[in-house]
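What TrEMBL says about this protein:
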type	residues	note
DOMAIN	86-272	domain 'ABC transmembrane type-1'
TRANSMEM	38-57	transmembrane segment
TRANSMEM	87-112	transmembrane segment
TRANSMEM	124-146	transmembrane segment
TRANSMEM	152-171	transmembrane segment
TRANSMEM	201-223	transmembrane segment
TRANSMEM	249-271	transmembrane segment
Amino acid sequence: MTLTTPVTPRVDPAPVESTLPRKKTAAIPARFSFVRPAYWLPVVVLVVALGFAWNFVAKDNPYLLPPLAAVWEALASNPGFYLHNAWVTLSVALIGLAIGFVASYVLAILISELPIARRAIMPVAVVLNVTPLVAIAPALVVAFGFGPEPKLIVTALICFFPILINVSTGLRSVPQSVVQVFSTLHASRIEMLWHVRMPSALPFLFTSLRIVFPLSIIGAVVAELAAPGAAEGLGTVISIASSNNRLPVVYAAIFCLAILGSVLLAIITAIERRVLHWHESMIGEKN
């Protein structure tokens with residue numbers, strides 16, 4: 001009888017690298033996504049390409065587009081002038097937006113609660129929306145003069161319809177199951193509006209605000225262009241510079257308007273992310 005020695009299988013030692021803890025790379029939060037090259041690099045490339053294209057066209061067509069250097073010189077030579085007029089236009093835009101917001105929100109509540117109010121208000125709102133504001137602005141200037149009133153009315157009108165439609169839709173978008181639960185709790189219409197319908201309308205409200213914040217700048221400029229006797233505002237600067245064939249000043253004012261609209265849009269987007277952090281659209285962005 002022969003005895004055999006059991007053979008122990010050979011186990012290779014694990015590599016040193018596998019035993020070391022892996023270094024975790026910190027993920028960049030969604031609110032700081034703008035620091036990623038994938039976020040800002042395409043924008044920079046596009047802006048540089050547009051700048052080269054602009055100068056290429058301006059080189060052979062100086063009466064169509066001024067060189068970017070001339071636009072920058074117009075801005076840098078008198079920045080206080082553009083800042084002051086930008087503030088005038090921004091003030092008109094924000095006050096007109098506030099007026100349009102209050103009026104449209106109140107009417108949206110009436111529309112969502114009273115069917116007869118919807119049948120009465122919506123046709124008039126549609127007519128106002130399809131009427132060109134460029135045609136209304138001169139009539140308002142004739143009626144109210146060159147003061148702030150026509151500018152505020154035009155700005156309020158251009159902001160009115162998007163808020164009215166979106167908020168009224170949001171107020172009526174509450175699921176019937178939620179309405180039935182609150183009905184069984186004997187909630188009043190005011191309680192239903194405050195605790196159910198208005199929170200449900202918040203995403204629709206911010207959608208409309210992202211639309212009307214830049215539109216408020218457009219409304220203010222349209223009113224300033226329609227009031228040739230106005231003394232201040234970027235629209236007035238564009239009108240006077242165009243009549244004097246000063247293209248660098250015209251495009252410098254347009255550049256300021258683009259900056260204003262972009263800043264307003266960025267602000268309302270940041271507020272939306274803060275207020276609607278619970279909404280599924282914001283949760284999707286965080287992930």
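Heads up, the Cβ atoms here are built off N, Cα and C, so glycines get one too.
The largest share of C-beta pairs under 8 angstroms with the transmembrane segment (249-271) comes from 87-112, of the ranges 38-57, 87-112, 124-146, 152-171. Outside the transmembrane segment (38-57), and at least 6 residues removed from its termini, the chain residues within Cβ reach (under 8 Å) are 64-65, 67-68.
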